[in-house]
Amino acid sequence: MKSETGFDPALYDRFPTQEERPTGELEELERIWRAPRGWGLLTAVNNNYVGVFYVGTAFLFFLLAGILALVMRVQLALPLQGILPQETYNQFFTMHGSVMMFLFAVPMMEALGVLLLPQMLAARDLPFPRLSAYAFWAYFVGGLCFFASLFVGLAPNSGWFMYPPLTSTAYSPGINADFWLLGIGFIEISAIAGAIEIIVGVLRTRAPGMTLAKMPIYAWAMLVFAVMIIIGFPAVILATLLLELERAFNWPFFDPTRGGDALLWQHLFWFFGHPEVYIIFLPASGLVSMMIAAMARTRLVGHDLIVLAFLATGFISFGVWSHHMFTTGMPALSIGFFSAASMAVSVPAGIQVFSWIATFAVGKPRFNAPTLFLLGGMVTFVIGGLTGVMVAMVPFDWQAHDSYFIVAHLHYVLIGGMVFPLFAAFYYWTPMMSRRALSERIGKWAFWLMFVGMQVTFWPMHLTGLMGMPRRVYTYLPGRDWEILNMISTFGAFLIGAGVLLFVIDLARNFRFAAEGAAGNVYEGGSLEWLPTGLYSARSIPVTKSREPLWDQPGLAQDVEAGRYFLPNAPTGLRESLATSPIRAEPQYLQIMPGPSLWPFLAAVFTAGFFMLLTVQAYLPSFACGVLMVVCMLRWLWDTDRRVPQDKVDVGAGIMLPTYVTGPGSHGWWAMVVLLVVIFMIFLMAVFGLLYLYGVHPQFWAPPTGVGWLSAILPAYAGAAGLAMLSRHMLAREATRLWTPGVLYALSAAALVAGIGIDLWSWLDSPIRPDASGQGATVFALLALVAMLAAVAVLMAGYISARNARGLIVRPSNNSLDLCVLFVGYAAAQGAVTAVLIRLFPWA
Amino acid sequence: MSQPISMARADAQAGWPASIFDPAGPYAGSVTTLSWILIAMSTAVLALVIFAFWAALFGNDRLKKRLGGTRAIWIGGVAFPVVVLTMLLIYGLTLTRNLTTPVPEEAMRVRVTGEMWWWRVAYLDPDGQPYMLDANELHIPVGRPVVLELESSDVIHSFWVPQLSGKLDMVPGRRNIMPIQADRPGVFGGQCAEFCGGAHALMGFVVVAHEPAAFDRLMAQRRAPRPQQAAEGGAALFREKGCAACHRIAGTQANGAAGPDLSHVAARRTLGAGILPNNQGTLMGWIGDSQSIKPGNRMPAYKMLSAQELQQLADYLGQQR
């Protein structure tokens, strides 16, 4: 048999082991993974807890944004009503969209990932539990503050798409827009943190033997989802950054009178915004594919095709953003391209739908609550897909765009593609973490109310739109036959509301959180999350031989519970899990996991405080929060990356694995690389901004500072990279005391600072100013990005020096140092490319 | 809480968009045809998919067998959409090209500029210079293409008169070109379609299409020199109360450019950008307190004016045709 890592697959045959496990082992496992209680829950980092908090919070935002929608529907039920005045309505629809997209849909999908993935992969936890906790708390605190802006009348009021110049200071002088920019800003950070966690989790923590081909389809969906976040979110991160710079410091990125351009925002926003739809849909599709197989009691038909469809969707979705801009007066050639791509993206959707149909046809479906939600969701999604094809037809879009037809279309896609599958998932997976399953009877009622309500609300909107009603209007005049349609929509909205209310009642009656002793596999699914679990997840980590191990490996549950597989105990006495190889999931090393800690929670609170105080222009407290945030983060990191006394331990059946691995094989390295991809994408988007503005308004561009400066800048960056690599090199060999890695790394960071410092100096020496032209703004923005990297490198240097001084940087290699070296290497490269690029335009 | 546009009633429908299924010209008409084709196609595909679901769940074994395999996925999920979508795409792109074919140079040109929250209208001579200004209402001859130069002076707006054409954005710093044509006389409503802040919901527009002869008469009448008007009563108030700082009336000293041009205000079908019928009462109401009608609009409320003064102003404006 082939092997990826040198691990001999024949070793799998040792499992299940036959000998009795020593007594006390299980109690030890329980003690190690015991969750904190009471207020201590704030320090919990285990995915069972964080996942449930996360799902609960996302659902809370779903309810809140839904209530906003109901009030808006009341306002629109009749023409010329005064229930919501114009300004309040504008805030309501902005918040409805923003909250549903940023505080409900994406976080909900990440939350489900945090909750379900470790169980499905039979990992003890996600690879970075404290990062999950941080991502959750930042989202929780920040999200609530963001929502609260509504109660003081300061909520954003320019639409969830925030088009400048409406959102520039000239037309939005209040801090409403800043709430959006900064509020969404850190929710993006939280989303990125979650995505890193998911990518590394899916690729490096699967149960042994669970090759990519045997991985549950949901894990595939989450992998593509997380990669799409990594590629797509940087665009909106950069866009919010640029707009905030324009608002705060008058840098004219979007002001055409000074060489900016309003459409730059739209390109950046939709480069994120359209993939966003698939970012929401793909995980839901993964959930659907899992549930259909279980509910139809058969294997998923067309599994490989669905995986291909996920990959194709992810790829194509980054080529369709401009279909939101068909009415901006785009050139015919680009219209053709984006129209074709927008249609092409419906092919993978078709594959998924027909695979689901095929699975139903092969299996023996049961019509339980999850099945109903699945079927209702699929039909609704198909309708949304068909209207999607309609609006991909450019001339039709010219009529339908920004009318209620689009409102209908997007709600069909998102409710059918994500919300109904989500409710199916609630019914299906609740028994995994609740003592009681939810009620089938209430579930069916909730479904029919929501399904009928959905059709009654949104079907008429197709017509309302084609009859001329634009979106985002707080009222309309009587006498155009819109009244009756609007009244019907409002009625339907309350049906949906009633359905959701029933579901909440069901939750209140039946949901009783239980990490141990949950109701279990009510619907007889075949994947690993239905193994009997405790807080440590599965007692032992099984060798996985198929996609539905519970169906195919008889006695698996008993063997797992009896500890007859990998890691039946805690050999180091700490929280730990198996790190496996990315393709064939061969066991590589024992990953030591951090336990409960207050620091991620505090870091999250200060992160939220930093952004929120910045919004209300309390600069000093905000700065203080920022400092505290960094301190808390460093403090939480300080505990990690420790070596344990045992270099190798027995992870079961005499298989010995190392407890500490450095270099490209370690999970930390993977996470750092993913993070660098994010930073690179932000940089790439900024470069796009530079080229775009030069392309549309070259008359505003002045000669850049001399190329001669490069002779000082480039060597500085090269020195930074070289010194960093040298520090890693020196750690591996015996070296003098003076040239410790800490000193070398500090010098490297200093070289980086010198590089960006010289570059900035050269521009301050020129007449080009950031607030004077689009050129100045983009050049200084690119420099600012490098400066931020340099600032982080300085922090890292302090951290590495401190660890070095405390003897925590141990020979021959150390993860903390490795990751910091990677970071500086990348930063130096971005600095060098930046320095060259900003001197290229205008072409002489 | 004040109820905005409380005076609006059903007769003020001129400035409000109508259904795309009632096109009045070739640019809208071809899209209506396309819409019907798309609707028919979508309905058919939806019926097929629902049938497939039904067959998979409740059909006989023969049907289930057909559906339950990768072959069905390839046919239903790949081959079928690829064929249908390719045909649609070719049709759509051909239609896009036809609709964006440049109209002849000699076509009448009008510049429409989006403002928060009204429309500035300038009829252009062959050199591209404005020769007549108006607001919120556009007159065109039947049967001839008219080229609109769409611009914005503040934020992004979108010009949409569904019976004449699809919509096109007005982006600051850019000029978008849109041809429209009416094939029958009539009044066609429109509305801003891109959210543009505050009173976006109340930003209507009117296009009036005339038979060519009537159109020429209208233009001739508007371009004829105006008789000197007595500078008393409403005219005096218009100057003294500051109206002239923002509004222009051709042939007088009132030359403000910030607000809508009032030279032909009496001829308009609506007030307040499509939201009120135009008569003495609504005019008085608008001048006295436009803020309660259209919250946030740039015209301050003139509550200090007496009813008599309001009436004089309304009478004076009522003469500007």
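One is the number of the first residue shown, and numbering goes on along the chain from there.
For all residues, glycine too, the Cβ spot is worked out from N, Cα and C.
Bear in mind that the values here come from a model prediction, so they are computed numbers and not experimental data.
According to TrEMBL, the protein has these features:
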| type | residues | note |
| --- | --- | --- |
| DOMAIN | A:33-557 | domain 'Cytochrome oxidase subunit I profile' |
| TRANSMEM | A:49-72 | transmembrane segment |
| TRANSMEM | A:137-159 | transmembrane segment |
| TRANSMEM | A:217-243 | transmembrane segment |
| TRANSMEM | A:335-360 | transmembrane segment |
| TRANSMEM | A:372-394 | transmembrane segment |
| TRANSMEM | A:406-430 | transmembrane segment |
| TRANSMEM | A:442-464 | transmembrane segment |
| TRANSMEM | A:484-505 | transmembrane segment |
| TRANSMEM | A:669-694 | transmembrane segment |
| TRANSMEM | A:738-758 | transmembrane segment |
| TRANSMEM | A:778-799 | transmembrane segment |
| TRANSMEM | A:819-841 | transmembrane segment |
Item checked: Same-chain residues at least 6 beyond the ends of the transmembrane segment (A:778-799) whose Cβ lies under 8 Å from its Cβ atoms -> 241-242, 245, 251, 253, 630, 634, 637, 679, 682-683, 686-687, 689-690, 693, 704, 720, 742, 745-746, 748-750, 752-753, 755-756, 759-760, 763, 768, 770, 816, 820, 823-824, 826-827, 830-831, 834, 837-838
Notebook entry, point to check: Are there three or more C-beta pairs under 8 angstroms joining the transmembrane segment (A:738-758) and the transmembrane segment (A:217-243), sequence spacing 6 or more?
Noted result: no
Notebook entry, point to check: Against which stretches of its own chain does the transmembrane segment (A:335-360) lie, if we need a Cβ under 8 Å and a gap of at least six residues from its ends?
Noted result: 278, 285, 288-289, 292-293, 296, 298-303, 305-306, 308-310, 312-313, 316-317, 319-323, 326, 374, 378, 381-382, 385, 388-389, 392-394
Checklist line | Cβ-Cβ under 8 Å with the transmembrane segment (A:442-464): same-chain residues at least 6 beyond its ends | finding: 73, 368-369, 372-373, 376, 380, 387, 403-405, 407-409, 411-412, 415-416, 420, 423, 427, 482, 485-486, 488-500, 502-503, 505-506, 509
Notebook entry, point to check: Which residues, given as numbers and ranges, are at least 6 beyond the ends of the transmembrane segment (A:49-72) yet have a Cβ under 8 Å from it?
Noted result: 35, 41, 83-84, 89, 92-93, 95-96, 99-100, 103-104, 107-108, 110-112, 114-116, 129, 132-133, 136, 139-140, 143, 147, 433, 493-494, 496-497, 500, 504, 513, 515
Check: Among the recorded stretches A:372-394, A:406-430, A:484-505, A:738-758, which has the greatest number of Cβ pairs closer than 8 Å to the transmembrane segment (A:819-841)?
Finding: A:738-758
